[in-house]
Amino acid sequence: MGGAVVDEGPTGIKAPDGGWGWAVLFGCFVITGFSYAFPKAVSVFFKELMREFGIGYSDTAWISSILLAMLYGTGPLCSVCVNRFGCRPVMLAGGLLASLGMVAASFCRSIIQLYLTTGVITGLGLALNFQPSLIMLNRYFNKRRPMANGLAAAGSPVFLCTLSPLGQLLQDHYGWRGGFLILGGLLLNCCVCAALMRPLEAPRPGSGPAPQRPSHRLLDLSVFRDRGFVIYAVAASIMVLGLFVPPVFVVSYAKDLGVPDTQAAFLLTVLGFVDIFARPTAGFITGLKKVRPYSVYLFSFSMFFNGFTDLTGSTASDYGGLVVFCIFFGISYGMVGALQFEVLMAIVGTQKFSSAIGLVLLLEAIAVLIGPPSGGKLLDATHVYQYVFVLAGAEVLASSLVLVLGNFFCIRKRPEAAVEEEERHKPPADVRVDSREVEHFLKAEPEKNGEVVHTPETSV
């Protein structure tokens, strides 16, 4: 769990760590931005929706909740689709669904219809883009994978800082219906990103009959036999209970202290701006040769840092204190965002990553639907924001302890095992192989002419 696993993609093909991989990274950056920022960006339309349909804030808030639930909860479904059809077709279908949902929402006449279109259809479309894009990123990068993950994760704060003002601008000029229609058009860019996910080309086989594709599991549940994966899944689920709570309540916390609305809203801008730079920096540091074998401990530290920041933020008594809190929270939040999937990739490797990420997202979906509402219940009962931040900090701190103690006591020898695995996969130097051996190898490892076969790890 503490070391990086060698990910070579299809048999005989190593990750290029560059080349077309930079186009894949750009596509993953855009997809990550849309996936994480869109549920928050649509919230700018809530007041107009409340006036049009005569409903309360809690009713409109279900739109974002359903979007997030679909993004996380459909993880196993995405894994099955990727393992069956491949990454690029699934992402193309997802981009069309995401756009169709927002276009259809612009014609809705009730809030229930909005739940179905914006929440379910668009949410499913974003989910079908998000997970395959991470799988492709894992396929194209190995040595530079931590840096690639950090750069891709930066799409979330960049798009959040962009989509929210854009949504407000669209609402002012075209109303919520026109805004939804234009946002639906923007989501078609997910199809462009899907087109960038070009499969890696395998060596062309020699003459002979076309090989058959090997059978494989659509959802590999054997990952639960990996102690590293189980510890990671438990820690990530506990972390999500408190991770998203402070950004939800920090603006209201500031207003409760008597801070003007504009200054209170600026706190999220500070948090997002710091987050933009924290994610690539964390990815670069994790990619250092001496740091990468212990990426799990760096991830645990980032969780501990985030939880400790929540606890200290609960003592803020004025606007300056909240600004300092948002700066440090942005740093720790960015570190967590950059490392969470990099560590999962290092734990399970390429072969099982498509199934592992789907199962982890499903577990996190349950936690993400419990965390913010439980904070709201605590606030309703006590009317004290400090208690909400203390609860969130305690949950994130607990997750860091679960991860680091589980890794140290259960699987601390994993770095050595990862090194042995790397040496085992490394081709021998200065060894000549004649053409007959190459032909035999290619026939033994079936691959279609010019196309990589569907494998359990990425199916591209």
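Positions of Cβ are set from backbone N, Cα and C atoms, glycine also.
Lifted from TrEMBL, the feature list:
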DOMAIN    21-418  domain 'Major facilitator superfamily (MFS) profile'
TRANSMEM  20-42  transmembrane segment
TRANSMEM  62-82  transmembrane segment
TRANSMEM  89-107  transmembrane segment
TRANSMEM  113-130  transmembrane segment
TRANSMEM  151-170  transmembrane segment
TRANSMEM  176-197  transmembrane segment
TRANSMEM  229-252  transmembrane segment
TRANSMEM  264-282  transmembrane segment
TRANSMEM  294-313  transmembrane segment
TRANSMEM  319-341  transmembrane segment
TRANSMEM  353-372  transmembrane segment
TRANSMEM  384-405  transmembrane segment
Under 8 Å between C-beta atoms and at least six residues away from its ends: which parts of the chain pack against the transmembrane segment (319-341)?
134, 146, 149-150, 153-154, 156-157, 236, 239, 243, 246-247, 250, 253-254, 257, 259, 263, 267-268, 270-283, 286, 295, 298-299, 302-303, 305-306, 309-310, 312-313, 357
Can you work out the mean pLDDT of the predicted model over the domain 'Major facilitator superfamily (MFS) profile' (21-418)?
86
Counting Cβ pairs under 8 Å that sit 6 or more residues apart, are there three or more between the transmembrane segment (151-170) and the transmembrane segment (353-372)?
no
To the transmembrane segment (353-372), which of 62-82, 89-107, 113-130, 264-282 is linked by the most Cβ pairs under 8 Å?
62-82
Taking the transmembrane segment (89-107) as the first stretch and the transmembrane segment (229-252) as the second, find out whether 3 or more Cβ pairs fall under 8 Å, excluding pairs closer than 6 in sequence.
no
Closest-packing stretch to the transmembrane segment (20-42), where packing means Cβ pairs under 8 Å, from 62-82, 176-197, 264-282, 294-313, 384-405:
176-197
